[in-house]
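Report on the following structure.
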Amino acid sequence: MKIIAADVFVTSPSRNFVTLRITTEDGVTGIGDATLNGRELAVAAYLKEHVAQLLIGKDPHRIEDTWQFLYRSSYWRRGPVTMAAIAAVDMALWDIKGKVAGMPVYQLLGGASRNGLRAYGHASGADIPSLFDSVREHLELGYKSIRIQTAVPGIKAVYGVAAQAQASGERYDYEPAGRGAFPVEEDWDTRAYLRHLPSVFEAVRNEFGPEIPLLHDGHHRMTPIQAAKLGKALEPYDLFWLEDCTPAENQEALRLVRQHTTTPLAIGEIFNTVYDYQTIIKEQLIDYVRAASTHFGGISPLKKVMDFAAQYQIKSGFHGPTDISPVGFAAQLHVGLAIHNYGIQEYMQHSDKTNEVFHQSMTFKDGYLHPGDEPGIGVEFNEEAAAAFPYQQAYLPYNRLVDGTVHDW
(Lines of atoms letter the chains of each structure in order from A and count residues from 1; the text may use other names and numbers.)
(Lines give C-alpha, C1' and ligand atoms only; values in the text may rest on other atoms or scores of the structure.)
Protein backbone atom coordinates (compact mmCIF):
# COMPACT_ATOMS: atom_id res chain seq x y z
CA MET A 1 0.00 0.00 0.00
CA LYS A 2 1.29 3.45 -0.97
CA ILE A 3 0.21 7.04 -0.39
CA ILE A 4 -1.00 8.73 -3.59
CA ALA A 5 -2.35 12.07 -2.31
CA ALA A 6 -2.05 14.49 0.60
CA ASP A 7 -4.55 17.36 0.59
CA VAL A 8 -4.81 20.33 2.97
CA PHE A 9 -8.06 22.09 3.88
CA VAL A 10 -8.57 25.33 5.81
CA THR A 11 -12.14 25.91 6.94
CA SER A 12 -13.87 28.14 9.49
CA PRO A 13 -17.12 26.68 10.84
CA SER A 14 -17.31 29.04 13.87
CA ARG A 15 -13.50 29.07 14.02
CA ASN A 16 -10.51 28.19 11.80
CA PHE A 17 -9.29 24.61 11.41
CA VAL A 18 -6.50 23.07 9.31
CA THR A 19 -7.12 19.48 8.20
CA LEU A 20 -4.82 17.10 6.32
CA ARG A 21 -6.29 14.21 4.33
CA ILE A 22 -4.01 11.40 3.16
CA THR A 23 -5.26 8.97 0.50
CA THR A 24 -3.79 5.56 -0.33
CA GLU A 25 -3.79 3.70 -3.64
CA ASP A 26 -6.44 1.38 -2.17
CA GLY A 27 -8.78 4.31 -1.58
CA VAL A 28 -8.35 4.38 2.20
CA THR A 29 -8.23 7.90 3.64
CA GLY A 30 -6.95 9.22 6.94
CA ILE A 31 -7.31 12.70 8.42
CA GLY A 32 -5.24 14.74 10.86
CA ASP A 33 -5.52 18.07 12.66
CA ALA A 34 -2.88 20.79 12.08
CA THR A 35 -4.72 23.74 13.63
CA LEU A 36 -2.58 26.43 15.27
CA ASN A 37 -4.84 29.14 16.64
CA GLY A 38 -4.07 32.51 15.04
CA ARG A 39 -1.37 31.03 12.76
CA GLU A 40 -3.43 28.57 10.73
CA LEU A 41 -2.18 29.60 7.29
CA ALA A 42 1.45 29.19 8.35
CA VAL A 43 0.86 25.50 9.09
CA ALA A 44 -1.28 25.03 5.98
CA ALA A 45 1.51 26.47 3.82
CA TYR A 46 4.13 24.31 5.56
CA LEU A 47 2.06 21.21 4.80
CA LYS A 48 1.29 22.18 1.21
CA GLU A 49 4.74 23.42 0.22
CA HIS A 50 7.12 21.30 2.29
CA VAL A 51 5.41 18.11 3.48
CA ALA A 52 2.67 16.87 1.13
CA GLN A 53 4.97 15.93 -1.75
CA LEU A 54 7.29 14.04 0.61
CA LEU A 55 4.47 11.66 1.52
CA ILE A 56 3.69 10.48 -2.01
CA GLY A 57 4.79 6.89 -2.52
CA LYS A 58 5.40 6.21 1.17
CA ASP A 59 3.99 3.19 2.99
CA PRO A 60 1.27 4.57 5.33
CA HIS A 61 1.87 1.77 7.83
CA ARG A 62 5.40 2.99 8.59
CA ILE A 63 4.18 5.60 11.06
CA GLU A 64 7.27 5.86 13.26
CA ASP A 65 9.65 6.00 10.31
CA THR A 66 7.59 8.73 8.63
CA TRP A 67 7.42 10.72 11.87
CA GLN A 68 11.20 10.57 12.35
CA PHE A 69 11.78 11.43 8.69
CA LEU A 70 9.64 14.58 8.88
CA TYR A 71 11.16 15.62 12.22
CA ARG A 72 14.83 15.02 11.40
CA SER A 73 15.19 15.46 7.64
CA SER A 74 14.41 19.18 7.60
CA TYR A 75 17.23 19.85 10.13
CA TRP A 76 15.11 22.69 11.62
CA ARG A 77 13.26 20.94 14.43
CA ARG A 78 10.52 21.59 16.95
CA GLY A 79 8.37 24.71 17.04
CA PRO A 80 4.57 24.93 16.85
CA VAL A 81 4.29 25.16 13.05
CA THR A 82 6.53 22.16 12.35
CA MET A 83 5.05 20.02 15.11
CA ALA A 84 1.43 20.79 14.16
CA ALA A 85 2.21 19.74 10.59
CA ILE A 86 3.88 16.51 11.72
CA ALA A 87 0.96 15.90 14.09
CA ALA A 88 -1.51 15.98 11.22
CA VAL A 89 0.50 13.41 9.28
CA ASP A 90 0.85 11.17 12.33
CA MET A 91 -2.88 11.26 13.09
CA ALA A 92 -3.82 10.59 9.48
CA LEU A 93 -1.53 7.55 9.34
CA TRP A 94 -2.95 6.15 12.58
CA ASP A 95 -6.43 6.75 11.14
CA ILE A 96 -5.50 4.74 8.04
CA LYS A 97 -3.92 1.95 10.07
CA GLY A 98 -7.05 1.65 12.20
CA LYS A 99 -9.33 1.57 9.17
CA VAL A 100 -7.24 -1.11 7.47
CA ALA A 101 -7.17 -3.17 10.68
CA GLY A 102 -10.89 -2.61 11.27
CA MET A 103 -10.16 -1.31 14.78
CA PRO A 104 -10.35 1.99 16.66
CA VAL A 105 -6.91 3.48 17.25
CA TYR A 106 -7.01 2.86 21.00
CA GLN A 107 -7.04 -0.89 20.31
CA LEU A 108 -3.82 -0.51 18.33
CA LEU A 109 -2.27 1.34 21.29
CA GLY A 110 -2.84 -1.59 23.64
CA GLY A 111 -6.59 -1.55 24.18
CA ALA A 112 -8.75 0.27 26.70
CA SER A 113 -7.45 0.77 30.24
CA ARG A 114 -10.80 2.12 31.46
CA ASN A 115 -14.44 2.38 30.44
CA GLY A 116 -14.52 6.15 29.92
CA LEU A 117 -12.50 9.33 30.26
CA ARG A 118 -13.34 11.79 33.02
CA ALA A 119 -13.75 15.29 31.57
CA TYR A 120 -13.82 18.81 32.95
CA GLY A 121 -15.72 21.81 31.64
CA HIS A 122 -15.15 25.57 31.74
CA ALA A 123 -17.26 27.70 34.07
CA SER A 124 -16.78 31.46 34.08
CA GLY A 125 -18.57 34.62 35.10
CA ALA A 126 -18.27 38.38 35.26
CA ASP A 127 -19.19 38.17 38.96
CA ILE A 128 -19.87 35.50 41.58
CA PRO A 129 -23.61 35.05 40.82
CA SER A 130 -22.96 34.58 37.09
CA LEU A 131 -20.09 32.21 37.89
CA PHE A 132 -22.45 30.14 40.05
CA ASP A 133 -24.93 30.03 37.15
CA SER A 134 -22.18 28.79 34.85
CA VAL A 135 -21.14 26.08 37.32
CA ARG A 136 -24.74 24.90 37.60
CA GLU A 137 -25.09 24.84 33.82
CA HIS A 138 -22.03 22.62 33.48
CA LEU A 139 -23.21 20.30 36.22
CA GLU A 140 -26.53 19.98 34.39
CA LEU A 141 -24.63 19.14 31.18
CA GLY A 142 -23.07 16.21 33.03
CA TYR A 143 -19.64 17.54 33.96
CA LYS A 144 -18.30 16.24 37.26
CA SER A 145 -15.18 18.45 37.29
CA ILE A 146 -15.14 22.21 36.64
CA ARG A 147 -12.51 24.78 35.72
CA ILE A 148 -13.16 28.11 37.46
CA GLN A 149 -12.26 31.40 35.74
CA THR A 150 -13.70 34.74 36.79
CA ALA A 151 -13.49 38.44 36.09
CA VAL A 152 -11.26 40.52 38.37
CA PRO A 153 -12.50 43.87 39.73
CA GLY A 154 -10.73 46.70 37.94
CA ILE A 155 -9.72 44.62 34.90
CA LYS A 156 -11.90 45.02 31.81
CA ALA A 157 -11.32 41.61 30.22
CA VAL A 158 -9.76 38.48 31.69
CA TYR A 159 -8.65 35.26 29.98
CA GLY A 160 -11.16 32.44 30.35
CA VAL A 161 -14.25 34.60 30.93
CA ALA A 162 -16.76 34.48 28.08
CA ALA A 163 -17.53 37.91 26.68
CA GLN A 164 -19.64 37.00 23.67
CA ALA A 165 -23.37 36.36 23.81
CA GLN A 166 -25.00 33.15 22.65
CA ALA A 167 -26.20 33.27 19.06
CA SER A 168 -28.94 31.53 17.13
CA GLY A 169 -29.90 29.49 20.16
CA GLU A 170 -26.55 27.71 20.11
CA ARG A 171 -24.46 27.34 23.24
CA TYR A 172 -20.91 28.63 22.84
CA ASP A 173 -17.97 28.05 25.13
CA TYR A 174 -15.33 30.73 25.67
CA GLU A 175 -13.60 31.71 22.43
CA PRO A 176 -10.66 34.10 22.88
CA ALA A 177 -9.57 34.54 19.25
CA GLY A 178 -10.99 37.69 17.71
CA ARG A 179 -11.79 37.97 14.00
CA GLY A 180 -9.92 40.80 12.34
CA ALA A 181 -6.57 42.03 11.05
CA PHE A 182 -5.05 42.87 14.44
CA PRO A 183 -5.16 41.30 17.93
CA VAL A 184 -7.28 42.82 20.67
CA GLU A 185 -5.38 44.52 23.50
CA GLU A 186 -6.45 43.61 27.05
CA ASP A 187 -5.24 44.92 30.40
CA TRP A 188 -3.78 43.01 33.33
CA ASP A 189 -2.98 43.51 37.03
CA THR A 190 -1.44 40.50 38.78
CA ARG A 191 -1.80 41.95 42.29
CA ALA A 192 -5.53 42.53 41.81
CA TYR A 193 -5.86 38.97 40.49
CA LEU A 194 -3.99 37.48 43.45
CA ARG A 195 -6.10 39.44 45.93
CA HIS A 196 -9.37 38.39 44.34
CA LEU A 197 -9.00 34.75 43.30
CA PRO A 198 -8.89 33.00 46.70
CA SER A 199 -12.21 34.61 47.65
CA VAL A 200 -13.73 33.23 44.44
CA PHE A 201 -12.78 29.66 45.31
CA GLU A 202 -13.98 30.18 48.87
CA ALA A 203 -17.37 31.26 47.51
CA VAL A 204 -17.57 28.32 45.09
CA ARG A 205 -16.72 25.82 47.83
CA ASN A 206 -19.27 27.38 50.18
CA GLU A 207 -21.94 27.16 47.47
CA PHE A 208 -21.19 23.76 45.93
CA GLY A 209 -19.36 21.87 48.67
CA PRO A 210 -16.02 20.07 48.90
CA GLU A 211 -16.62 17.18 46.49
CA ILE A 212 -16.47 18.77 43.02
CA PRO A 213 -12.93 18.76 41.58
CA LEU A 214 -12.10 22.40 40.78
CA LEU A 215 -9.36 23.60 38.43
CA HIS A 216 -7.86 26.99 37.55
CA ASP A 217 -5.69 28.27 34.69
CA GLY A 218 -3.12 30.97 35.46
CA HIS A 219 -2.20 31.18 31.75
CA HIS A 220 1.54 31.80 32.31
CA ARG A 221 1.02 35.26 33.85
CA MET A 222 2.79 34.96 37.23
CA THR A 223 6.36 35.13 38.48
CA PRO A 224 7.56 32.15 40.55
CA ILE A 225 6.95 33.99 43.84
CA GLN A 226 3.48 35.10 42.75
CA ALA A 227 2.57 31.57 41.67
CA ALA A 228 3.84 30.11 44.94
CA LYS A 229 1.80 32.66 46.86
CA LEU A 230 -1.34 31.81 44.89
CA GLY A 231 -0.85 28.06 45.21
CA LYS A 232 -0.48 28.43 48.98
CA ALA A 233 -3.55 30.67 49.23
CA LEU A 234 -5.64 28.14 47.29
CA GLU A 235 -4.67 25.12 49.40
CA PRO A 236 -7.74 25.37 51.70
CA TYR A 237 -9.98 24.93 48.65
CA ASP A 238 -8.42 21.65 47.50
CA LEU A 239 -7.90 22.35 43.80
CA PHE A 240 -7.55 19.46 41.37
CA TRP A 241 -4.81 21.54 39.76
CA LEU A 242 -3.35 25.00 39.20
CA GLU A 243 -2.48 25.20 35.51
CA ASP A 244 0.25 27.13 33.69
CA CYS A 245 1.04 29.30 36.68
CA THR A 246 4.39 30.55 35.31
CA PRO A 247 5.76 31.15 31.78
CA ALA A 248 6.40 27.87 29.98
CA GLU A 249 9.93 28.90 28.99
CA ASN A 250 11.03 29.23 32.62
CA GLN A 251 10.74 25.64 33.77
CA GLU A 252 13.04 26.27 36.73
CA ALA A 253 10.28 28.45 38.16
CA LEU A 254 8.32 25.31 38.97
CA ARG A 255 10.99 24.26 41.47
CA LEU A 256 10.28 27.31 43.61
CA VAL A 257 6.50 26.94 43.25
CA ARG A 258 6.73 23.25 44.19
CA GLN A 259 8.72 24.07 47.34
CA HIS A 260 6.02 26.39 48.67
CA THR A 261 2.68 24.74 47.90
CA THR A 262 0.99 21.36 47.80
CA THR A 263 -1.55 22.53 45.22
CA PRO A 264 -1.13 20.14 42.24
CA LEU A 265 0.47 21.68 39.15
CA ALA A 266 -0.23 21.18 35.44
CA ILE A 267 1.62 22.66 32.47
CA GLY A 268 2.42 22.08 28.83
CA GLU A 269 -0.29 23.17 26.40
CA ILE A 270 2.30 25.18 24.44
CA PHE A 271 5.02 22.53 24.70
CA ASN A 272 5.91 20.91 21.37
CA THR A 273 8.06 17.86 22.19
CA VAL A 274 8.85 15.34 24.88
CA TYR A 275 12.13 17.20 25.39
CA ASP A 276 10.19 20.11 26.89
CA TYR A 277 9.03 17.73 29.62
CA GLN A 278 12.27 15.91 30.42
CA THR A 279 13.38 17.92 33.44
CA ILE A 280 10.01 18.68 34.98
CA ILE A 281 8.92 15.05 34.77
CA LYS A 282 12.19 13.60 36.12
CA GLU A 283 12.22 16.10 38.99
CA GLN A 284 8.48 15.58 39.57
CA LEU A 285 7.78 19.31 39.37
CA ILE A 286 4.32 18.75 37.90
CA ASP A 287 1.40 16.41 38.48
CA TYR A 288 -0.32 16.57 35.08
CA VAL A 289 0.86 16.71 31.45
CA ARG A 290 -1.10 19.33 29.50
CA ALA A 291 0.19 18.51 26.01
CA ALA A 292 -2.15 18.46 23.01
CA SER A 293 -1.82 15.89 20.24
CA THR A 294 -2.17 18.62 17.60
CA HIS A 295 0.70 20.76 18.88
CA PHE A 296 2.90 17.93 20.14
CA GLY A 297 3.52 15.98 16.95
CA GLY A 298 0.50 13.69 17.10
CA ILE A 299 -0.50 10.43 18.70
CA SER A 300 2.94 8.79 18.64
CA PRO A 301 4.87 11.31 20.80
CA LEU A 302 1.88 11.88 23.08
CA LYS A 303 1.88 8.19 23.95
CA LYS A 304 5.65 8.30 24.47
CA VAL A 305 5.59 11.24 26.88
CA MET A 306 2.84 9.60 28.92
CA ASP A 307 4.79 6.35 29.15
CA PHE A 308 7.73 8.41 30.42
CA ALA A 309 5.51 10.28 32.90
CA ALA A 310 4.04 7.02 34.20
CA GLN A 311 7.38 6.15 35.80
CA TYR A 312 6.93 9.18 38.08
CA GLN A 313 3.20 8.79 38.82
CA ILE A 314 2.40 11.84 36.69
CA LYS A 315 -0.93 11.74 34.88
CA SER A 316 -2.46 13.17 31.72
CA GLY A 317 -4.54 16.31 31.51
CA PHE A 318 -4.51 16.92 27.76
CA HIS A 319 -5.30 20.35 26.32
CA GLY A 320 -8.75 20.22 24.74
CA PRO A 321 -10.44 23.55 23.97
CA THR A 322 -12.22 24.21 20.70
CA ASP A 323 -9.03 25.34 18.97
CA ILE A 324 -8.25 21.64 18.78
CA SER A 325 -10.42 20.31 15.95
CA PRO A 326 -12.63 17.25 16.52
CA VAL A 327 -9.90 15.23 14.76
CA GLY A 328 -7.14 16.28 17.14
CA PHE A 329 -9.46 15.93 20.11
CA ALA A 330 -10.46 12.39 19.14
CA ALA A 331 -6.80 11.48 18.64
CA GLN A 332 -5.94 12.26 22.24
CA LEU A 333 -9.05 10.45 23.49
CA HIS A 334 -7.63 7.27 21.97
CA VAL A 335 -4.35 7.86 23.80
CA GLY A 336 -6.17 8.65 27.04
CA LEU A 337 -8.24 5.49 26.86
CA ALA A 338 -5.18 3.31 26.28
CA ILE A 339 -2.65 4.64 28.81
CA HIS A 340 -2.61 3.55 32.44
CA ASN A 341 -1.79 6.99 33.87
CA TYR A 342 -4.82 8.88 32.58
CA GLY A 343 -5.91 11.84 34.70
CA ILE A 344 -8.57 14.06 33.14
CA GLN A 345 -9.51 15.57 29.77
CA GLU A 346 -10.41 19.18 29.09
CA TYR A 347 -13.60 19.25 27.01
CA MET A 348 -15.29 22.22 25.37
CA GLN A 349 -18.14 21.34 23.07
CA HIS A 350 -17.72 22.32 19.43
CA SER A 351 -20.41 24.29 17.62
CA ASP A 352 -23.13 22.74 15.48
CA LYS A 353 -21.44 24.25 12.41
CA THR A 354 -18.21 22.48 13.30
CA ASN A 355 -20.09 19.22 13.67
CA GLU A 356 -21.44 19.65 10.13
CA VAL A 357 -17.87 19.51 8.85
CA PHE A 358 -16.51 16.87 11.24
CA HIS A 359 -18.75 13.86 11.87
CA GLN A 360 -17.72 12.24 15.16
CA SER A 361 -18.25 8.89 16.83
CA MET A 362 -17.13 10.35 20.18
CA THR A 363 -19.64 10.38 23.05
CA PHE A 364 -19.97 12.38 26.26
CA LYS A 365 -22.24 10.99 28.96
CA ASP A 366 -22.44 11.50 32.72
CA GLY A 367 -19.14 13.36 32.78
CA TYR A 368 -17.19 10.80 30.77
CA LEU A 369 -15.89 10.80 27.19
CA HIS A 370 -15.33 7.86 24.85
CA PRO A 371 -13.79 8.00 21.35
CA GLY A 372 -16.18 5.37 19.99
CA ASP A 373 -15.42 2.09 18.27
CA GLU A 374 -15.40 3.11 14.61
CA PRO A 375 -12.23 1.97 12.82
CA GLY A 376 -9.48 4.58 12.91
CA ILE A 377 -9.78 7.86 14.79
CA GLY A 378 -13.56 7.92 14.43
CA VAL A 379 -14.00 11.29 12.70
CA GLU A 380 -15.01 11.85 9.08
CA PHE A 381 -14.30 15.09 7.21
CA ASN A 382 -17.06 16.55 5.00
CA GLU A 383 -15.20 18.43 2.27
CA GLU A 384 -18.37 19.86 0.75
CA ALA A 385 -19.57 21.25 4.08
CA ALA A 386 -16.10 22.64 4.80
CA ALA A 387 -16.13 24.62 1.55
CA ALA A 388 -19.13 26.60 2.82
CA PHE A 389 -17.01 28.05 5.66
CA PRO A 390 -13.98 29.92 4.23
CA TYR A 391 -11.03 30.99 6.35
CA GLN A 392 -11.39 34.16 8.40
CA GLN A 393 -8.32 35.84 9.84
CA ALA A 394 -8.27 35.77 13.64
CA TYR A 395 -5.81 36.59 16.41
CA LEU A 396 -5.53 35.73 20.07
CA PRO A 397 -5.54 38.81 22.35
CA TYR A 398 -2.49 40.20 24.14
CA ASN A 399 -2.04 41.90 27.53
CA ARG A 400 -0.56 45.20 28.67
CA LEU A 401 0.06 46.28 32.25
CA VAL A 402 -1.24 49.61 33.53
CA ASP A 403 2.05 51.30 32.55
CA GLY A 404 1.79 49.98 28.99
CA THR A 405 4.24 47.07 29.28
CA VAL A 406 3.35 44.02 27.16
CA HIS A 407 2.60 41.08 29.48
CA ASP A 408 1.89 37.38 29.10
CA TRP A 409 -1.73 36.84 28.11
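Keep in mind that glycine also has a Cβ here, set from the backbone N, Cα and C atoms.
What Swiss-Prot lists as Mg(2+) binding site is D217, E243, E269, and the listing cites similarity to another entry. Same-chain residues at least 6 positions away in sequence with a Cβ under 8 Å from that of D217 (Mg(2+) binding site) are, in sequence order, R147, Q149, Y159, G160, E243, D244. Under the DSSP three-state reduction, D217 (Mg(2+) binding site) is assigned to strand.
According to Swiss-Prot, the feature D-arabinonate binding site maps to H219, E269, R290, H319, E346, an assignment based on similarity to another entry. According to DSSP, H319 (D-arabinonate binding site) is assigned to coil rather than to any helix or strand.
For E269 (Mg(2+) binding site), the binding-site residues whose C-alpha atoms fall inside a 10 Å radius of its own C-alpha are R290, H319, out of R290, H319, E346. Taking Cβ-Cβ distances under 8 Å and a sequence separation of 6 or more, the neighbours of H319 (D-arabinonate binding site) in its chain are G268, E269, R290, A291, A292, H295, E346. Close to the recorded Mg(2+) site, the chain also has G218, H219, D244, A266, I267, R290, H319: residues not among D217, E243, E269 whose Cβ is within 8 Å of the site's Cβ mean position. Of the listed binding-site residues H219, R290, the Cβ environment within 10 Å is emptiest of other Cβ atoms at H219. When secondary structure is read from DSSP and collapsed to three states, E269 (Mg(2+) binding site) falls in the coil class.
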